[in-house]
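Q: This is the feature table in TrEMBL:
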type     : residues : note
SITE     : Arg52    : site 'Important for substrate specificity'
ACT_SITE : Asp121   : active site, proton acceptor
SITE     : Thr122   : site 'Important for substrate specificity'
SITE     : Gln208   : site 'Important for substrate specificity'
Amino acid sequence: MKAMPVRMRAGRMREQRVQKSDFDGLTTQHAMNSTVTDEPSVPLALASASPRRRELLAYLGVPFRIIATDAEEHDHLPPPAIVAALPPLALPLFDHPTLRAWRKAHAACASAPDSVIIGADTIVALEGDVLNKPVDPDDARRMLRRLSGKTHTVYTGLAVIDARRTDALPLFDLVASQVTIDTLSDADIAAYVATGEPLDKAGAYGIQDLGGRLVRSVVGSYTCVVGLPLVATWRLLRAAGMTGLRDPAEGYRRWLRDRGKEIPPCPPTLP
Ligand SMILES: Cc1cn([C@H]2C[C@H](O)[C@@H](COP(=O)(O)OP(=O)(O)OP(=O)(O)O)O2)c(=O)[nH]c1=O
């Protein structure tokens with residue numbers, strides 16, 4: 001992305017605008033030519049610093065701005081109405097990805113009072129434990145040793161808030177995909193961790209990059225694993241009244257094509 005002035009706000013909030021002329025990296029040419037289709041009916045904001053989320057959301061074809069917060073680190077109790085509306089999940093409330101997504105979207109409201117705001121959060125769950133982002137390479141090696149040869153669940157929670165109507169309940173979703181990791185030797189793990197790729201990823205792997213080589217199968221949404229399930233995102237944004245969005249299956253195909261990837265067999269792997 002062309003460096004845009006980043007406005008600092010209280011509470012470590014950063015803001016950028018993503019629009020037609022504003023894509024970078026791997027998909028610059030494709031994104032500029034084919035990603036943004038229309039002006040949205042309501043301004044859209046993504047409450048996330050994740051480059052994966054920014055990239056995937058762009059494939060739904062509407063411009064948006066980015067507001068990154070440190071809200072997921074907050075642990076204050078949310079309002080009871082929010083807790084009651086969360087999709088059921090047999091994990092501690094503090095780890096609930098939809099609650100964490102809500103914390104991000106909620107924290108961004110003051111910066112985008114005219115917008116629909118989407119937050120997302122991804123965790124890896126294995127045998128009742130939650131694996132977040134590793135704190136260091138040792139932690140990444142430990143996580144990958146645990147995931148080796150097993151099937152785990154990747155959950156991505158979504159929260160959409162219309163900041164113009166803060167009295168209304170947010171829209172929530174929780175998407176789960178089953179990922180099976182190959183049996184990995186210590187040398188495989190060491191080589192992968194040495195790439196540095198695992199450090200900013202839940203569960204210490206990135207399926208969309210080199211980590212894809214560690215994965216034997218995905219059952220469910222592929223983009224849930226990457227951090228932003230496109231079909232569920234599309235559905236929530238439509239429910240929030242947004243128009244001009246590209247069909248998510250088409251966005252997924254374009255994203256795969258621009259990354260030079262084959263379309264995984266469908267089903268069991270879906271957008
Ligand atoms: C399992 C997996 C996770 N991930 C990423 C998605 C998320 O960016 C990250 C999980 O951390 P999150 O806390 O969900 O997100 P984040 O800290 O990157 O961004 P923000 O809080 O600002 O929204 O792991 C992949 O990129 N590929 C994968 O295969």
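A Cβ is built for glycine as well, from the same backbone N, Cα and C atoms used for every other residue.
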Q: Based on Cα distances to Gln208 (site 'Important for substrate specificity'), point out the closest of the recorded positions Arg52, Asp121, Thr122.
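A: Closest by Cα: Arg52.
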Q: For Thr122 (site 'Important for substrate specificity'), write down the residues of its own chain that are at least 6 apart in sequence and whose Cβ falls under 8 Å from its Cβ; none is a fine answer.
A: Pro97, Val154, Tyr155, Thr156, Gly157, Ala202, Cys224, Val225, Gly227
Q: Should Asp121 (active site, proton acceptor) be counted as helix, strand, or coil on the basis of DSSP?
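A: Looking at the DSSP assignment, Asp121 (active site, proton acceptor) belongs to a strand.
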Q: For Gln208 (site 'Important for substrate specificity'), which of the three DSSP-derived states applies: helix, strand, or coil?
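A: In the DSSP reduction, Gln208 (site 'Important for substrate specificity') maps to coil.
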Q: Could you give the Cα-Cα distance between Arg52 (site 'Important for substrate specificity') and Asp121 (active site, proton acceptor), in whole Å?
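A: Asp121 (active site, proton acceptor) has its Cα 12 Å from the Cα of Arg52 (site 'Important for substrate specificity').
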